[in-house]
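K.L.:
Quick paste from Swiss-Prot:
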type	residues	note
SIGNAL	1-14	signal peptide
DISULFID	C74-C111	disulfide bond
ACT_SITE	S223	active site, acyl-ester intermediate
DISULFID	C282-C291	disulfide bond
ACT_SITE	E355	active site, charge relay system
CARBOHYD	N365	N-linked glycosylation site
ACT_SITE	H463	active site, charge relay system
Amino acid sequence: MKLCLLALGAAVAAAPTATLANGDTITGLNAIVNEKFLGIPFAEPPVGTLRFKPPVPYSASLNGQQFTSYGPSCMQMNPMGSFEDTLPKNARHLVLQSKIFQVVLPNDEDCLTINVIRPPGTRASAGLPVMLWIFGGGFELGGSSLFPGDQMVAKSVLMGKPVIHVSMNYRVASWGFLAGPDIQNEGSGNAGLHDQRLAMQWVADNIAGFGGDPSKVTIYGESAGSMSTFVHLVWNDGDNTYNGKPLFRAAIMQSGCMVPSDPVDGTYGTEIYNQVVASAGCGSASDKLACLRGLSQDTLYQATSDTPGVLAYPSLRLSYLPRPDGTFITDDMYALVRDGKYAHVPVIIGDQNDEGTLFGLSSLNVTTDAQARAYFKQSFIHASDAEIDTLMAAYTSDITQGSPFDTGIFNAITPQFKRISALLGDLAFTLARRYFLNYYQGGTKYSFLSKQLSGLPVLGTFHGNDIIWQDYLVGSGSVIYNNAFIAFANDLDPNKAGLWTNWPTYTSSSQSGNNLMQINGLGLYTGKDNFRPDAYSALFSNPPSFFV
């Protein structure tokens, strides 16, 4: 009996292994509740002459190596600046502790690694569905270690619908999304997206050796990760194949879809490039890109952090973000979805009810109608005076109509805060989702809207709170962000999770029936996606007017 117990203990404690497509066998970590392979390199270090360029697949042998801890996150920038000092005291702690706005340490330029978490005892022949996560962070910060996926895998086992969870690091800020004519002419735009795409190709090549099915991959992400997920739908005008097979069969987008951005060589991207060049001391160099590539990691970090962060004024006018490059992103993203140039896969897309409140906090100096108009003019340089007038009429200074929504006269910490918060949330997230759904005809569509924190002062159901329920807590939100997503990855139908409220498919925002799953602190219910029609018309009658 003792020998049997010893043998059983040894079997339980045995380190898991996986064999890659090239025949290399690697070892992971037995965490009892799951098995982890962490920090596997999928690309050559993007340093030196490879800085800012699309990634090069990793070529060295990994045979016999152990992968038991996360690799360093990619280099990031400070998203706050002096923003922390302007936060109201009752919102400061929540914002600063929000996972989406934390710089993930340690970080390094040699960072392009991938992680695989699978249920315990998974055999190579298991053929499990795969959930491939893309983290958020405003394209300026973040890392795969912050959103580990452990809860997703554990919950999938309890549901009897086991999945393998994959996450990757990708370059952010200037390292991944530097723009400008020099970058465009070299063909190096959107390097961070190329990192993500190469990681997807790594999954296609290797996930079968871990027990995953490469034909059952669901890509998903939150915030910048959600926008990235959308971009992969329209990448190459919707051709998502690799070696003749689709890289993914479904997509989930949590807060984000089309990116309202000018091309790589557009005005604002070029302005940011010039700021980095000047701050780095490369302004007089004959080859400015070569000069930037010759900088130390710390010097480039300082120059990058001198540019406006995601929470700087004017908020959400991001310094670094995906931009049309004419090759992989062939047009503006609204045009691509309108023209049907996307991969045809089932999708889930949803938002938090008060997506804009976090970002509205950076504009507390705007207190009058005149200042609000000037703020909109500064933020949207392509918009005509008439379009700004229409925007001002759609988003009035009536505090009962602003965000946090449905809070009446409360939470108006300045006369313009709720107005600006409503507009920012709708443009980047909530009503952009409606635009996507109205045009996307690529497969079955499901949509959600969370009001789970509607009573939270100042912030309401703020951007990024879904990650708390998805990775760390249990509640009605986690029923969607875990159970329903797991069912979708397995069966392409979130209702297979046994939800107590049937999740209707989405046809159009003008349909007569309920088409939106809504989440609150008490549970799940359905509703109509027909709110704020005047705001929708003001923002999306001519989307390029509001590009950055």
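For all residues, glycine too, the Cβ spot is worked out from N, Cα and C.
Note that the structure is predicted; figures quoted are calculated from it, not measured.
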K.L.:
At the Cα level, what's the spacing in Å between C74 (disulfide bond) and H463 (active site, charge relay system), rounded?
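P.N.:
Cα of C74 (disulfide bond) to Cα of H463 (active site, charge relay system) measures 23 Å after rounding.
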K.L.:
Which of these recorded positions has the least crowded Cβ, counting other Cβ atoms within 10 Å: S223, N365?
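P.N.:
Looking at the recorded positions S223, N365, the Cβ with the fewest others within 10 Å is that of N365.
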K.L.:
Provide, as an integer number of angstrom, the distance between the C-alpha atoms of the residue listed as 'N-linked glycosylation site' and the residue listed as 'active site, acyl-ester intermediate'.
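P.N.:
About 26 Å separate the Cα atoms of these two residues.
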K.L.:
Just counting, how many other CB atoms are there within 10 A of the CB of E355 (active site, charge relay system)?
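P.N.:
Its Cβ has 30 other Cβ atoms within 10 Å.
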K.L.:
To the nearest whole angstrom, state the Cα distance for the pair C111 (disulfide bond) and the residue listed as 'active site, acyl-ester intermediate'.
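P.N.:
Here the two Cα atoms lie 21 Å apart.
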K.L.:
Can you tell me the CA-to-CA distance separating E355 (active site, charge relay system) and C282 (disulfide bond), as a whole number of Å?
P.N.:
38
K.L.:
Looking at the recorded positions S223, C282, C291, which has the shortest Cα distance to H463 (active site, charge relay system)?
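P.N.:
Nearest candidate: S223.
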K.L.:
Check the disulfide-bonded residues C74, C282, C291 for other C-beta atoms within 10 angstroms of each C-beta and report the one with the most.
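P.N.:
The residue with the most neighbouring Cβ atoms within 10 Å is C74.
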K.L.:
Using DSSP and three states only, what is N365 (N-linked glycosylation site)?
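P.N.:
Once the DSSP labels are grouped into three classes, N365 (N-linked glycosylation site) ends up as coil.
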